[in-house]
Amino acid sequence: MTTTLERRESASFWEQFCAWITSTENRLYIGWFGCLMFPTLLSAISAYIIAFIAAPPVDIDGIREPVAGSLLYGNNIISGAVVPSSNAIGVHFYPIWEAASIDEWLYNGGTYQLVVLHFFIGVCAYIGREWELSYRLGMRPWICVAFSAPVAAAAAVFVIYPIGQGSFSDGMPLGISGTFNFMLVFQAEHNILMHPFHMLGVAGVFGGSLFSAMHGSLVTSSLIRETTENESANYGYKFGQEEETYNIVAAHGYFGRLIFQYASFNNSRALHFFLGAWPVVGIWFTAMGVATMAFNLNGFNFNQSVVDSQGRVINTWADILNRSNLGMEVMHERNAHNFPLDLAAGESLPVALVAPAVAA
């Protein structure tokens, strides 16, 4: 008997590397987009943690009045933040090598640009990695489309808005109270509450929460029991089973009687498309709204729109909102300018021509 031994060709190191990168058998899928995502996100996270703990104060307004944001400089978890880059830098690209020293780079808030730009590249690569894994597994590509909504929102507040306003100092601070400060100042300067795209975003977020709660409770309440009363219902199901887990007809009938017939879905694909599309489209609109307001195309102004027959103004909620906007703008950057832009831009009027007479 003759035995023939065929020499086995060994794959090159590059081929082995490619197979490992694109393998769906790995516990954590890497992918070619992951080669960009992992280093950028790790850089952003590392810089953020270090800056949140120990970064020195940043001259955010460019007027030599630094603002402290780190824990070691007196902040706590609520008040702490990575403070945005200085207004003196504007929208210039400000890597470490552009500064004369590390101290100057930290004083001008270079850490903020480092974190934000690496984070933005990382989450964009995460979208690509979602598409790549879906492609490898033969799935449809809608997961990455859904994730594009929060990425669009992040791009709007961290990249597009600072560019539109002319300075990264107008970007959203990376902290809890800094986020709230950004929201208040945004309302004061752009009247975002009166912008229709923001209204659609609110409907998307709150509506999505409502629909998610309704769907989850209906599914949990209409599970098809596969076990006896003496066993847990969870033992009757296994991951990837072909049989239905819950009775959509029963859920449809319940909800149709609870509200009205056409308020419920009897098609699972249409139902889940709606659950995915509603919040995603809403957040897309919010991101577009912030992007347009970045270039000062602001919310509607209905101030002093209602007057009586004598021409006297009848205040509406729009006027109340306008007064609160002016108040917030007065408090914002109080040392950088004396008046809000809305007040400082008007023609000055004399308030007194002569000194009042004082009775003896």
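Cβ coordinates come from backbone N, Cα and C, glycine included.
Range with Swiss-Prot annotation transmembrane segment, chosen from 87-108, 197-218, is 197-218.
Given the ranges 6-21, 118-133, 342-357, the record in Swiss-Prot names 118-133 as transmembrane segment. Swiss-Prot assigns the feature transmembrane segment to one of the listed ranges (29-46, 245-262), namely 29-46. Secondary structure from DSSP puts H272 (Fe cation binding site) in a helix. As a whole number, the greatest separation of Cα atoms within the quinone-binding residue list H215, S264, F265 is 10 Å.
Other C-beta atoms found within 10 angstroms of the C-beta of Y161 (site 'Tyrosine radical intermediate') number 22, with every protein chain shown included.
Sequence-distant contacts of the transmembrane segment (274-288), counting only residues of its own chain at least 6 positions beyond either end whose CB sits under 8 Å from a CB of the stretch, comprise 142, 145-146, 148-150, 152-153, 155-156, 197-198, 200-205, 207-208, 211-212, 215, 265. Note: the Cα of H118 (chlorophyll a ChlzD1 binding site) and the Cα of S264 (quinone binding site) are spaced 43 Å from each other.
Of the recorded residues, F265 (quinone binding site) and H272 (Fe cation binding site) place their C-alpha atoms 9 Å from one another. Here H332 ([CaMn4O5] cluster binding site) is positioned 44 angstrom away from H272 (Fe cation binding site), judged by their C-alpha atoms.
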